[in-house]
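Taken verbatim from Swiss-Prot:
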type: DOMAIN; residues: 35-195; note: domain 'SIS'
type: BINDING; residues: N51, G52, G53, E64, N93, D94, S119, T120, S121, S124, Q171; note: substrate binding site
type: BINDING; residues: H60, E64, Q171, H179; note: Zn(2+) binding site
Amino acid sequence: MKKYIKEQIKKSFEIKQTIYENENLINKIEEVSKLCVALYRGDKKTILAGNGGSAADAQHIAAELVGRYGFDRPSIPSLALTTDTSCLTAIGNDYGYDNVFSRQLEGMGQAGDIFIGISTSGNSKNIINAFISAKKKGITTVALVGRDGGEMAKMADVALVVPSDSTPRIQESHILIGHIICDIIEKEIFGDGVN
């Protein structure tokens, strides 16, 4: 069993090493970080969504921004579309599950906001529909995905594609990327910045 545990830890290291060496992905993480910093300086918000583990990641990232990531500072506006069960079930019942996020974006999203859709496959229909709604409202779209990026990577203004086919490794990498972005936002707006 110990050997298996070590193999899993090693696999986690390996995908992070791949990300570390992927200059294109590093540049895109920097691009999204800069977009978010500019967004917050302009009084806008990030909106996030995902399904299953990706829903948990959306909530986690939003909580780091609204609460705090590394130090005490004013709250940063961020919203996960996965938290309101009444809204999710009403929209799911009346419009279908494929529209649970797009309908919320129609009501709460504003031009200049950023929508971050999270999916390990990049093919979640409800996130794809949310991208369509976001584009109509002038909301910048970011895909945080894995595998080949799927349809979401093709549709997004910026696609952060974790180069792996393993759902657990993709999810681990998504939260790493989310944490890096939160850290940069916090330090750029309320700290001494990042080199």
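Keep in mind that glycine also has a Cβ here, set from the backbone N, Cα and C atoms.
A Cα-Cα distance of 26 Å separates N93 (substrate binding site) from H60 (Zn(2+) binding site). Counting every protein chain shown, 19 other Cβ atoms lie within 10 Å of the Cβ of S121 (substrate binding site).
In this entry, substrate is bound by N51, G52, G53, E64, N93, D94, S119, T120, S121, S124, Q171, whose most widely separated C-alpha atoms sit 32 angstrom apart. Mapped onto three states, the DSSP output places S119 (substrate binding site) in strand. For the recorded site, Q171 (substrate binding site), the DSSP three-state label reads helix.
If you draw a 10 Å sphere around the CB of E64 (Zn(2+) binding site), it holds 21 other CB atoms from the protein chains shown. In the three-state DSSP reading, N51 (substrate binding site) counts as coil. Sequence-distant neighbours of G53 (substrate binding site): residues of the same chain at least 6 apart with a C-beta under 8 Å from its C-beta are T120, T167, Q171.
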